[in-house]
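The structure under discussion appears below in the form of structure tokens.
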């Protein structure tokens, strides 16, 4: 049965590049505000009840949101195996830090309010903060490193050697990306709290969210400036591009080139929409946080997240993970995908299940919708987180 | 096992996977029990069933969240510690993991929020649907994970592609309907059902001994013992199916489970106790039951089961053939676009034995000209240590048999009046129930040990040795994360068990004020039926 030949291989690679974006953006838009709320927790909640207000705006839904992260891992494994293998083993210790932080988070949600003891709750609040702030930072740092190029090599058996170190991940540019990621998600979390929390928690959420929105605009602009002005080198494929080529990164050649991350914008000016959306969304969110169009504010924040992540994707296309020491080994959309059959099978599964997921997730949010304030917590003292 | 990067990575994977599986079976089984109890509630409208759902649901939640948290590690450490494995088989192995997310994990994780927070926001039927969604989600989840694991045990529907230097799917259908995966799936979820049943029976028995929450304890035992008895039978029957599949596909695993060095005349005997000696390649001592092994593994009286020594001889041929495949692969790799088509043919004909060449590469750099000693050493390196296999398997089976007996006894006693008699005259049975709570966990962990250790030295049976699959990390890096996982996981385990015990002691809200106090002695007879 060769059903998969209905869609040709190069098209499937493109579709899976777009779906990779959908997954990352889905993760950042949904779990992103959970992380934003977690990172804001010590600042928006001074008393126990205030903190519980913040936590319970996301208490019933964080778990579903987190699946975007897990699905992201699984889908990258299935559709882009070399990307999964090289990035996770290359960033080994950083990945461990993210994992440890993200393991703390679910447990903190569930266990925090099982005991009235303030010390107990305080410790879990710190776990929630760490479990939100650290991944937000490290994901941004990781993206920064991807833009800079990662020091890995591939031997002819496609066995990878990573030549960098854990501390080497933290360069000024990658830290800038890390802070941008934190600001973006805190803005998103602030917009969420402004919409779903009541009273003083919402107030503080809006205030810190506004600061974060300003931070996101500034850092996003600064990052763009550095890339456009030759502080960050891009890469370009130098061999003939055959989009239907077998998935072997070593079958092409590439070079490091000043300004290559800007080439796509010159060729297709419509792509400027992505960074524009990143700025306009953040600006809209900033205005909204002051004027209280809650849902519109949250929408703007979502659009900003969408724009910022898309900017990274379209700037680098077709590169996924450039190697700074062996550019010929860089992973691109054309040479790092799964086989034709697997991409097709996975697409069928996605077309069937993703709409179903979106429908029931929307329904669950609708059922659980409503402001959470101090009265809600007092009423549901036993059952709330 | 050497404590190099491969050894430490194996240790870390084993530790994190076994730890993850402390929480998974209870989640799988308890979700179904919760849905069943809630179905009774919706059908009868009796409040007590709702209280039961809420009580067991609280314990479910404490357990569930650690399953979720530690599952994150499982999804990511293939890439972290087993990069070459991920590159080599991601095309086949990644898909079930991704579909697990799409089809199962989203379902359970999204609806579990409604399960806990939706009681006042949903109609009875809507909430019941949410609970069933959680139950289906967890069970589907197990299905896809076992399809992935089943493929590592019996890699069907895939071929090595020399252009991309990896295995690629040839039939997704065969991967899905891999008989090993299907047998493992039903075996594993049944084990989860048994775990949850034993847990519910054990905790309820403790309440009966204390004289607390009797009405809820009795109903819980009634549901759990029926469900547990059926599941205990299923777990053993499907375990037998797994044994049959192992004989078809993983003969070495079966031979080591059996400590069977020489091929015996059919039908082979079953060793109840043995003292295997790996160096001498024989058992120093064994107690045998005639015929049983032959019947389990071949379902015939005439078919032979090959012993370890014979299997090692067979694998020598594969190693020689694998060297030819490996040599052809080098030529294709170095000149992919215009290599002689005859070389490609040679590779295609021998590619199924390529993995055996990797075994040989641990002993020589020149597989084509390997000496007989090198081939002998490579062939013997494909035999796992026998004694841990032998005893882990027997502990699991002994537990399985005990579960059938145990759940049958409780099924017999599960009517209200008989349970009163139990609490009055046969309290020792209730004590056994309490002390048996850890057994299903022991059985599950032993089962995974047999499945995974028994596949060694392969990470994918016959295709890729574990030693070739690890990431290029330093020992320090892996030691750091191993220490980190041990510290984090130990802390969380202590907290989890403490919270579990605290909530068990607190007990269900059964509408009685005295529920927190050690109430009246049981000998005063049955409690009046609660207001329903």
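For all residues, glycine too, the Cβ spot is worked out from N, Cα and C.
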Between the candidate ranges B:471-495, B:496-520, where does TrEMBL place the transmembrane segment annotation? B:471-495
Range annotated as transmembrane segment - as stated in TrEMBL, picked from B:368-390, B:391-413: B:391-413
Among B:164-182, B:221-239, indicate the range for which TrEMBL gives the feature transmembrane segment. B:221-239
With the transmembrane segment (B:391-413) as the reference, which stretch in B:20-43, B:93-117, B:129-152, B:221-239, B:428-451 has the largest tally of C-beta pairs below 8 Å? B:221-239
Counting Cβ pairs closer than 8 Å, which of B:93-117, B:185-209, B:221-239, B:471-495 has the most of them with the transmembrane segment (B:428-451)? B:185-209
Among B:129-152, B:185-209, B:221-239, B:471-495, the stretch with the most Cβ pairs under 8 Å to the transmembrane segment (B:20-43) is B:185-209
Out of B:185-209, B:221-239, B:471-495, what stretch is closest in contact terms to the transmembrane segment (B:129-152), meaning most Cβ pairs under 8 angstroms? B:185-209
